[in-house]
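Student: The structure under discussion is supplied below as structure tokens; questions concerning it will follow.
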Amino acid sequence: MKKVVVGLSGGVDSSVSAYLLKEQGYEVIGLFMKNWHDDSVTISDECPWLDDSNDAMMVADKLGIPFQTVDLSEQYKERIVDYMFNEYEKGRTPNPDVLCNREIKFDVFMKIALSLGADYVATGHYCRKAEFEKDGEPIYQLLSGEDNNKDQSYFLCQLTQEQLSKTLFPIGELQKSEVRKIAAEQNLVTAEKKDSQGLCFIGKVRLPDFLQQKLKSKEGVIVEVPAGNDSYLEEDINFKSKIDQLQHLSKKFNYQLTDGKVVGKHQGAHYFTKGQRKGLAVGGTPEPLFVIDTDVIENVIYTGQGKDHPGIYRQGLFIAQDEVHWVRRDLAIDSDEELRIKARIRYRQPLQDATLHQTENGMYVIFDQPQASITEGQFVAWYQNGELLGSGVIS
């Protein structure tokens, strides 16, 4: 009998995953990860991990499976929290959920599970795995979940073949409504529980409060750049080379204070991210202001009016070579090669038609249509036929 450790998070998805695996005849162990101690920055009096841990324990009890808690808060602080602070300080916007899966759930946690004699680790992610042989070697595919509305393959875009080989996704074929129905039929305490929101494992966190622990607030100005700014003019360029053209399509606008007018003050450019609308506290404009860029060195936030402002859009992005990751290493392209794909630059974004261009220094992703708020530090993931092939950090 194969042994599976299920990461029981105290939510309905992992609860039903554990139930399904038990039904399929696996020996199932429930393991709850405690990853956060600091309650000073969570919103309201929620202490999410305590409630979640109790719910996970009750589910394990109901299913008659052994249950343990592991405290990974130290690794979590080192690998996720510190990384987040560093990224925000550099003016990048990290994605804690993608990191959490790569660094914690499918690394630290997986190693603990395997040391307990597990053959597999299972999670409640809405995605699927398939396997086939190529040249005598097994190849593992990471596929979108059947529930289009809930597909979470994006969060797993940094997984490796080794990690996939040891992973099971029991609810990947189901719709969310079916998962809740199973939980209700089995009288699991999590059946009606709301989906968790917020930073992976931390519960509801006020981001500025969270960041203020490490990043000092510092007053700066908010500049509004008019849509008619010269830098948005389309010029006819004769590119000397393909690389020149790729660089042009993916380069960000470089703003100066003289590009617009000062319309307000802020408490730190590193608290803001591209596309953000809330928290600017500037009124009196016909259309709402959106962040189009942040300059953490000069501590300036550049904004534009309305969601169609040209400063929001860009047609391409670049990934440094050491941040290009192929889930399907066998499909990686060589320098000067191209690949037609579909890509997304954030969770739940509908897939966009694009082309990958591999160069010696890294990968360009050029979209057929300009994309809103391409954000440094976030992940772009690329797909073909519902399979996630690879990903990278937007630089």
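Including glycine, each Cβ sits where the backbone N, Cα and C put it.
In case it helps, Swiss-Prot gives these features for our protein:
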ACT_SITE  C100  active site, nucleophile
ACT_SITE  C200  active site, cysteine persulfide intermediate
BINDING   G7, L8, S9, G10, G11, V12, D13, S14, M33, G124  ATP binding site
DISULFID  C100-C200  disulfide bond
SITE      H125  site 'Interaction with tRNA'
SITE      Q378  site 'Interaction with tRNA'
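Give me the local environment of each listed feature.
Tutor: Taking the Cβ of C100 (active site, nucleophile) as centre and 10 Å as the limit, one finds 23 other Cβ atoms among all the protein chains shown. Look at C100 (active site, nucleophile): DSSP puts it in a helix.
For the recorded site, G7 (ATP binding site), the DSSP three-state label reads strand.
Here the Cβ of H125 (site 'Interaction with tRNA') has 26 other Cβ atoms within 10 Å, regardless of which shown protein chain they belong to. Look at H125 (site 'Interaction with tRNA'): DSSP puts it in coil.
Note on Q378 (site 'Interaction with tRNA'): other Cβ atoms within 10 Å of its Cβ, all shown chains, come to 21.
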Student: Could you give the maximum C-alpha to C-alpha distance in Å for the residues G7, L8, S9, G10, G11, V12, D13, S14, M33, G124 that bind ATP per the record?
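Tutor: Farthest-apart Cα atoms in G7, L8, S9, G10, G11, V12, D13, S14, M33, G124 are separated by 16 Å.
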Student: About how far apart, in whole Å, are the alpha carbons (Cα) of H125 (site 'Interaction with tRNA') and D13 (ATP binding site)?
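Tutor: Here the two Cα atoms lie 7 Å apart.
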Student: Within 10 angstroms of the C-beta of S9 (ATP binding site), what count of other C-beta atoms is obtained when all protein chains are considered?
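Tutor: If we count other Cβ atoms within 10 Å of S9 (ATP binding site), we arrive at 24.
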Student: Expressed to the nearest Å, what is the distance separating S9 (ATP binding site) and Q378 (site 'Interaction with tRNA') at their Cα atoms?
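Tutor: Distance (Cα to Cα, whole Å): 25 Å.
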Student: Within 10 Å of the Cβ of G7 (ATP binding site), how many other Cβ atoms are there?
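Tutor: Excluding its own Cβ, the number within 10 Å is 24.
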